[in-house]
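As given in TrEMBL:
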type	residues	note
SIGNAL	C:1-16	signal peptide
DISULFID	C:22-C:37	disulfide bond
DOMAIN	C:51-197	domain 'Cupin type-1'
BINDING	C:99, C:101, C:106, C:145	Mn(2+) binding site
BINDING	C:101, C:106	oxalate binding site
């Protein structure tokens, strides 16, 4: 009996360094593969659990909607594991505007209400569908897509991504919420000056 | 105006073959990367939407629970996109027994009730937590884990995987629901003959 | 001497099936990893050479520019090799409008003239620079970017991608050159009805 | 002659930072892709050679067997290279009990004696075979498998993995050699209380 | 009891298509990810076992050595699993000449005799070591390396690769055993005409 | 209006850590996935632009040619992005001698003059072609290849790689420009002593 315990401790020790997971240490150096790993003897079950999606996001805003991310930045237990989540809250008139995730595909499941969702492919084909509670839809990596409340009640969805850090590029923010000169926006989108300046005004852009 | 349309049609045509997605054709040859792609001119929005998780799974069984998969086999729109889902239904005494997903990490979100969930690492460390509605938990790839109803009401969770075909190896099925000879089970698990034979009886195993 | 030749033929034969490359057979089944492989005994050097980027693209159009792709669809020798190219031609007022490549990063080298190029990050930061002949610039995967002729002469660049099928989603085409209903465009972009309808008119969109 | 040496030194210098390999520095920060790289000017041939598999593991224990790993933790030269090894020693009654490698496929070659080996698939199919000296067998990623001495002499195998840190989760250790409460083990495995407590006793588990 | 069996059969059926493995069907279409998958109901344990490395390769040849591959072409069970093997036999004067594996790193274990092995890095640094029985050495992906018998007895090693189809480019065969014109060999290697022609003569090259 | 700005700032802040890119910090720890990331608030557009390929390399040397790399070591903006470039300059008699890139496929575009280029496969098949201005050619990963000026004027090409750090192993340097003992070179290449010593003399090798 002593012998087996002895062997087992050896085995267990030798395996103690095995990298089953790499809970992100946001204070350490980052690599192209993600955050540095927290020392494994400091890791507890709380590193693998996240409660930040429990509460509705604040939808008292112009889009009447909120995206609450649980990416590896918010939930470091996901670091290196190829997956992440977010919660979508859409008030009755809520819209998640056109956006992309540069580095991930997305699956959405409706858990309350109904959502009209769609994406556009590289071939410019349009895929739009009204999703009811329990329906799921997949949005292939990097393509423009959107979600709109499709029933007069608050709607909620959980979305999952094929990356712990999928990115989120909201089209209107990318074009109108920064210092990208109006002239460049106009030249590269065919929008007219008045439209660009109006939206820059609304979204806080300059230039 | 004619000119731009001409250029654009050229561009659009040349891009028509771009592989933004590869909806699975389950009748074609399979490769290590997944199913063959359905011809893109046959693809419609319905290939990207799945309603099979809408209804509760049947929990009138010994585990009082059900796993309903939306892997690329059931939902071919996921093929090649690095992600999939499943729905867990746990009746008041429901248990998803010890299992692994050989090729994927998993994120779980509780949408009704409460669930006690846990996993064991390669270093044999135990990570267990009671999850309430809205809590999420991640289970790193390939490790043994389980979910148990933690409140006296039907509980529901959606789980996502970092692969379109994550696999599902339920420990008791792998050991006791096939023709793996009892002697081999005993030798490789240290369980005694009576226990192995009893479980083989319950789970339909032979040998 | 006979002996070595004998051994060598054996070795060479056994290796003949090795998959150094997988020239695309566009008539065979596609997988998420790309096209089927052409039989290796039919492969010749011409499968690895492409002359389609030799000539300037036709820039007599509204953007005064042309993108000529050499993706695995046009140049099947690239299939499975993780890389592809394209040629950009920009007449004096030429613009490659805002676009993304959903599945690849891009490197651009200017070989004639000068180009003002830029991209916007997920954090909405803007990175813009005038590139002269011989300068190179990298555009990280999936982010909105553009190129504009920055000198009064025809400018040319070669761009390379980290995928044999990088995709190309031109923003204006995705929004205005298809049957995505105007109402959905407006709701998801904050553009007004007149702007959307005008651009749909120019770009051939309906709805 | 001077000129060529000059050019060559330039080339060699510019290439000196090329990352052909990344010998693990176990004292530096870890990333999801593995250990930090040892400075290349400190790397010697001894970083690429490991002698820890030379000697038989100690099999004087209850399983009459030993697993000696040469993973990147023991042999840092493997870091980042997608491969690792281990040595299996099985005394006449030796058994490597049911286990998985969460992140890797395995190939085994018998170099002495004979071994009965097997694995169970996600579909619960059983694949078992007696392997003689020189036979090789592959165990697909993440699936439960085992090895048993199949001849009355000490048997030896070398196993290789498709990852530098494949992990090793031994079923009985995961269930019975830690503080996972007996009740949870019972609920999630259908084993009875006496069996669980007996095995916890043998394997040093608590709870 | 009926109920559980009912649920279980459903589960098992739904999982039957899960892609734990993809045994190669060498008659089907190939993709960049490997061979097509054999239908899973035709797969038996013999697909996962290979006996072709049991016997010594024939070393009665000019290099007094033999490489016997167990790549996915010879052993289709490896297809898609990221690993393969080969056996090296070196007669007393045996040499495995300078070669590379274009798509894989390699680990070698000596099981009989002794071997002098080495590789050269991109920085032109040389890493050479005499390996005795039980020693292992890793050769990073794509670099030139060699193995030489280092003891006056037949020596044997098993080598594993981080790919099911690692490729094998033997330097002398690539230069002298084909129709690459002597002039091109000379221009690109700095070897003189007499040397090139002599080696072409020995190795069966033309041109 | 205040509200939307408030929501937007929250969103923007939460996204600020998103890893769209990982500009290399060459002073930080390296991982198998590349260099550490420069802090994102220090990143400017100049990190994504490189001018080092603007000028011709110095071809006044024995090969009458120069390779100027823009790998992540020279151009850290490429770190983690799966792509890199280099410039080839070939004086009228210029030759880029036989070489491999251990970790990447390559695409070449001729922008001035003409180049005779070729590679040899694992099956020892030869693929050679004269490329004129505008032609492109792909060299699959890890295979021996070369480029020779094919017209009596200085020729220039840009090459792209499917990795930010593709490596570059020049055959003659690997064999003759280091301290690999002549005897080992001879045994592993079948070259005679005089040839080896002469080339070692030219290329600065010892031993």
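Cβ from N, Cα, C; glycine included.
Just so you know, TrEMBL annotations are computer predictions that nobody has curated.
Taking the features listed in TrEMBL, we show where each one sits on the structure.
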{"residue": "C:22", "record": "disulfide bond", "DSSP class": "coil"}
{"residue": "C:37", "record": "disulfide bond", "DSSP class": "strand"}
{"residue": "C:99", "record": "Mn(2+) binding site", "DSSP class": "strand"}
{"residue": "C:106", "record": "Mn(2+) binding site", "DSSP class": "strand"}
{"residue": "C:145", "record": "Mn(2+) binding site", "DSSP class": "strand"}
Number of Cβ atoms other than its own within 10 Å, given for residue C:22 (disulfide bond): 28
CB within-chain contacts under 8 A for residue C:99 (Mn(2+) binding site), separation at least 6: C:144, C:145, C:146, C:168, C:169, C:170, C:171
Winner by Cβ contact number (other Cβ atoms within 10 Å) across the binding-site residues C:101, C:145: C:101
Integer Å distance between the CA atoms belonging to residue C:101 (Mn(2+) binding site) and residue C:37 (disulfide bond): 24
Distance [Cα-Cα, Å, rounded] between residue C:101 (Mn(2+) binding site) and residue C:22 (disulfide bond): 23
Integer Å distance between the CA atoms belonging to residue C:106 (Mn(2+) binding site) and residue C:22 (disulfide bond): 23
Recorded positions (C:37, C:106), the one with most neighbouring Cβ atoms at 10 Å: C:106
Near chain E - the recorded positions C:22, C:99, C:101, C:106, C:145, filtered by Cβ distance under 8 Å: C:22
Helix, strand and coil residues within the domain 'Cupin type-1' (C:51-197) as assigned by DSSP: 22 helix, 58 strand, 67 coil
Mean predicted confidence [pLDDT] for the domain 'Cupin type-1' (C:51-197): 97
Residues close to Mn(2+) site centre defined by C:99, C:101, C:106, C:145, Cβ within 8 Å: C:100, C:119, C:139, C:143, C:144, C:166, C:168
